């Protein structure tokens, strides 16, 4: 359904809102009801080139701004974000569909990264060692790279961009942001508040679009580094194409996160934790719990409680505080998820909770879905479904649970529920995952730690946030000096 007040999105280049040089646009839809709420331009390479030139020009002066002054501007930006928390959450729920509770959580996690970026004077400090030889001192200095870019996904339209441009800009770089064409409204709001904070024009530039914009970023010689978050095939493409063009690239990709449930866990808290991790944000997050590997001794009790509690969850428009599961992002994704559920049934998994027909009249909804007796041969175990679909695999012991999780091509996050320090230590040492939780439902690190997975969940060397983020957005100069 097309609404009469649908917003026309614009690019933001060199401090001004400008139309794309391309003629095409894409509908932005509220996934809770299918209404068109905006039109995002499908920009062309010439738009990217304009943005890069603006950023390149701004870099000449921005890189010379004292680091404390950059941090002060970011603090003003932080204050504006804090003042508009509720409005930002409302935009997220409107264009992404996640519940207001989840949207508020996303807003807070994004703000925490800006808080980190305000500490740049400390984070960018170099190293020094006097008297490395007779009368000679050595030191390491950090400098910005130049123009850098970020390509961000639909599922966290606030948090993921804030993983990127605040820290990059704090380090003295200028930035070109390409948000998902499915969730462009929040990106526009982030840019609006950025310039309201007083930043010079051209420091942050916004270009909407699809693959043409992505390729324009990856192949532009003036862009020195690219940050990406999205699906595994696209992450691999971004990494290979970007590095082939001489860029530094971090590409965060897909996931199939496992939670191992031990017999000595706190059963009630474990069940509630897995429900939140599996079905929160409609399962559309790279840190969602996709598989519960449950030790046989507790499996029946676990399933009984899990099924009972999951059936209490309500599905619907994220604006209702009663709803736990919101819509999926688009109809095409909903159909893909339904195909996976059909596949699980055909391959012999036991459908314990069927979310295919929630009592919702419009929108792209699939309710919380649980499969029991899943095996590694099944597609629902192998593939990232990106939906509120949980697979339960029964294992004999911790060793089998770890072996199961490590078979996955993905290695983003993993969790163990246990009261045994020995089991937790074994899990920590043997599991192949970039981010690990012990009785922590979603082991997404705080902003001062790095965020990245292993194997097909991450392409690159340096993750986002924390010290990794500063290293990614800076280059080092090692200075050896002697004075006569």
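Each Cβ is built from the backbone N, Cα and C atoms, and glycine gets one as well.
For the NAD(+) site, Swiss-Prot lists 178, 181, 182, 231, 384; matching the candidates 154, 156, 199, 365 against that entry yields 154. Residue 181 (NAD(+) binding site) sits 19 Å from residue 286 (active site, nucleophile), taking the Cα positions as reference.
The CA atom of residue 286 (active site, nucleophile) is located 17 Å away from the CA atom of residue 182 (NAD(+) binding site).
Most buried of the binding-site residues 181, 384, judged by other Cβ atoms within 10 Å, is 384.
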